[in-house]
Amino acid sequence: EEENPEFWRSQARKSLQSVLNRELNTNVSRNILFFLGDGMGMTTYTAARILKGQLQGRAGEETVLTMDTFPSVGLAKTYSVDFQIPDSAATATAFLCGVKTNLNTVGVSAAARNGVCKMQKGNEVTSILKWAKDAGKSVGIVTTTRVQHATPAASYAHSASRKWYSDADVPESAKKEGCTDISSQLLNNTDIDVIMGGGRKYMTPRGTKDPEYPLDFFSRGQRKDGRDLTKEWQSMKAGKVARYVWNKAGFDAVDPETTDYLMALFEPGDLRFDVDRDPKLDPSIVEMTEKAIRILRKNPKGFFLLVEGGRIDQAHHDGRAYMALHEAVAFDRAVARGLELTHEQDTLTVVTADHSHPLTFNGFPFRGQSILGKSPLWGTDFRPYTTLMYGNGPGYKLINGSRPDLRDVNTKHKDYVQLSAAPTDSTTHSGEDVVVLARGPMAHLFQGVHEQNYLAHAMAYAACVGADLRHC
């Protein structure tokens with residue numbers, strides 16, 4: 001049918017009519033659903049679309065991601081104040097707090113310096129999560145990383161170092177100057193209704209056996225101050241229905257209709273990759289997103305929810321495109337569930353990435369060829385290469401002065417590490433603009449090319465939270 005010109009003409013006519021039929025939604029947004037694909041650059045986005053179709057037995061290229069259906073599309077410039085290519089801490093501070101900052105710092109302006117506690121004081125910046133809470137909304141964070149990781153941390157913490165997860169990570173000099181760890185700030189800074197992800201070991205006293213991995217030394221509690229923040233959190237919520245859970249059974253037992261607060265920490269550190277996850281032990285990003293929305297949406301004033309697909313990035317750092325793309329497909333499923341549980345008339349949904357990775361989509365693969373396969377055209381060294389490769393990373397290999405022969409290598413295996421052009425222990429980030437997709441009230445504000453810090457201001461304007469209340 002694709003050989004018939006009418007196929008393409010009729011498809012284009014339908015697309016054109018749907019665009020012509022669009023009406024601007026200028027409502028005040030009661031809810032904000034903010035989906036952040038960590039490291040989900042444009043190449044990852046395109047490749048994930050193809051993988052989604054191929055997992056369904058189709059060619060793949062023509063597949064439509066849920067994210068593809070968003071009517072308003074723009075680009076965000078991701079550089080930080082001090083680096084051309086940013087990290088997740090500087091970018092999260094930009095899109096959540098509305099202020100660009102320096103590498104490795106969260107919730108502080110660029111006047112602060114990485115790791116310098118005394119420069120943190122007076123340079124704190126607040127996030128849209130706090131603005132929403134101050135406006136009476138319920139707020140939540142869902143992540144596939146630890147809840148103290150850079151992206152979620154920027155929503156509630158102010159830290160000169162993104163790595164100060166627990167007090168054991170904070171230098172003594174910084175403690176003397178009054179700086180506190182990110183985990184303790186999770187409890188003290190903003191009253192967050194729903195907290196889901198990993199990161200148990202940063203919440204409990206040093207040596208505390210993990211409930212899931214009691215024999216694993218590296219999973220044990222790390223706090224030097226003897227505090228059990230999970231117990232403290234529960235006692236702080238006295239008089240409310242506040243549940244702390246750490247596995248799927250506990251999670252399933254939480255009734256969203258009767259629960260006021262939920263803290264769910266499913267791993268000592270980051271969650272497992274979705275393809276490695278045991279569905280009997282840990283919920284998926286889709287299930288976490290659904291539970292969060294069901295709890296938060298009971299508030300008549302609405303909610304703000306940050307959902308991070310945080311391990312797209314971590315798979316890329318390992319040079320494992322298979323894992324990164326499967327994480328991105330799972331992330332797209334979470335976006336779909338978010339749309340099912342909310343209404344476009346009163347919920348602004350925004351999907352974006354914080355930064356990209358040096359992943360290339362190259363060669364001349366045939367239509368429908370596996371996105372994880374090899375180009376049918378070989379290199380001048382008479383050896384095949386994969387459709388997806390990295391600019392740098394752990395996949396750099398030379399054997400007797402030439403690159404490995406991939407003819408008998410299964411490049412579609414989940415543990416396969418794609419070749420890279422330069423050797424690094426971990427693949428770096430890359431600096432091209434990232435896509436911003438929006439639907440719901442004031443979604444048109446996100447069209448065009450903007451600085452990344454603009455996103456927080458546009459979301460806040462749409463929902464009438466923060467400083468600019470002209471839309472109310």
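Any Cβ shown, glycine's included, is placed from N, Cα and C.
Owing to the predicted nature of the structure, the values given are computational and were not obtained by experimental measurement.
Residues or ranges marked as active site, phosphoserine intermediate in TrEMBL: S88. Annotated Zn(2+) binding site per TrEMBL: D38, D313, H317, D354, H355, H429, in sequence order. Taken from TrEMBL, the feature Mg(2+) binding site covers D38, H149, T151, E308.
Checking the binding-site residues (D38, H317, H355) against E308 (Mg(2+) binding site) with a 10 Å Cα-Cα cut-off leaves D38.
Straight-line distance linking the Cα atoms of H429 (Zn(2+) binding site) and the residue listed as 'active site, phosphoserine intermediate', rounded to a whole number, equals 9 Å. D313 (Zn(2+) binding site) sits 9 Å from the residue listed as 'active site, phosphoserine intermediate', taking the C-alpha atoms as the reference points. Comparing H149 (Mg(2+) binding site) with H355 (Zn(2+) binding site), their Cα atoms are 15 Å apart once rounded. Taking CA atoms as the reference points, D354 (Zn(2+) binding site) and the residue listed as 'active site, phosphoserine intermediate' are 6 Å apart.
Spacing of T151 (Mg(2+) binding site) relative to S88 (active site, phosphoserine intermediate) is 6 Å (Cα to Cα, whole number). D38 (Zn(2+) binding site) sits 8 Å from S88 (active site, phosphoserine intermediate), taking the Cα positions as reference. Spacing of H317 (Zn(2+) binding site) relative to S88 (active site, phosphoserine intermediate) is 13 Å (Cα to Cα, whole number). The Cβ of H355 (Zn(2+) binding site) lies under 8 Å from the Cβ of G39, G41, T78, I85, P86, D87, S88, T91, H429, S430, G431, V434, each of these being in the same chain and 6 or more residues away along the sequence.
Ranking the binding-site residues D38, E308, D313 by other CB atoms within 10 A of the CB puts D38 at the bottom.
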